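Have a look at the structure below before the remarks.
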Ligand code: AHM
Ligand code: MG
């Protein structure tokens, strides 16, 4: 008998009932993300061909130059999410403030807020290296039918109802979790359909890869420096292999499949590291924990942090459980 490959569309419908608040709304939301991902994928793929590369001229709220594809991806995702009557607010790494949806319509029933990094790792676009989209979904905490408020977005990551990422790599994959494990879908570009290719993804208990920008080594705190030295020592299964793409989604994705640890520590020059809690760390931490991995910011679990601002940055250590635990031992010695 011919083997039937499951599409993302079929998977969403089949698993709808797993979701505790299931009314099909979350399915519609994931569908919106699926569609926008395809559009962005198409644009990313032709980036080298047409004049959509380079700086858009704007500077985002982090003080970084925006490239045109960032702007485009931001627009596509916001457009897709706005259309459905499910989302009451969107916060994006590329926007200074959150966007309120349906604030004029008092009868609207939209229950979800989406936080998104539309195109992460964008400095890699010019050199044809993988980039990604990261998304995070929460139920609002303020009453339905009222305009969304900042507190709807500033929820600890453990409140996420779903999170995921798209990696635009050698193939394009959408990986997500609604709190029942992690599943990965690969896009067949010929027909524009995502197929379930990586069911029930799990971080190996331990691994041999460490991913960190070692150029910042001199600025790291002693615990991190010592852990990096530990990774490089010859003993047992060490030295480990160093792999750093500089694209969080890709580094994370590889480490989840092969076993490894990703680190973006704070340093003497960046007090809170670089990565954003709401758009990058929380969704990745949610997926990591759902995949039997671990994510910490130092002593604390990432998902327990109560955010204080939309664009907050935190140190981020994430990956195979045993490796993160080992790192934690080193951090505990000094801090
Ligand atoms: P971005 O949101 O501006 O693209 O920055 C986030 C990216 C991550 O994808 C990546 O892991 C990290 O920045 C790399 O930073 P660095 O070049 O400092 O190592
Ligand atoms: Mg980013």
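Numbers run from 1 along the shown chain.
Even glycines carry a Cβ here, placed using N, Cα and C.
Taken from TrEMBL, the feature domain 'Fructose-1-6-bisphosphatase class I N-terminal' applies to 6-199.
TrEMBL lists 93, 117, 119 with the feature Mg(2+) 1 binding site.
DSSP assigns residue 120 (Mg(2+) 2 binding site) to a strand. Residues or ranges marked as Mg(2+) 2 binding site by TrEMBL: 117, 120, 280.
The substrate binding site annotation in TrEMBL covers 120, 121, 122, 123, 213, 244, 274.
Across the domain 'Fructose-1-6-bisphosphatase class 1 C-terminal' (204-331), the model assigns an average pLDDT of 97. Taken from TrEMBL, the feature domain 'Fructose-1-6-bisphosphatase class 1 C-terminal' applies to 204-331.
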The one of 93, 117, 120, 280 whose CB sees the fewest other CB atoms within 10 Å, among these binding-site residues: 93
DSSP state at residue 280 (Mg(2+) 2 binding site), helix/strand/coil: helix
Inter-residue Cα distance where the pair is residue 93 (Mg(2+) 1 binding site) and residue 123 (substrate binding site), in Å: 15
Candidates 213, 244, 274, 280 (binding-site residues) with Cα within 10 Å of residue 117 (Mg(2+) 1 binding site): 280
Euclidean distance between Cα atoms of residue 280 (Mg(2+) 2 binding site) and residue 122 (substrate binding site), Å: 14
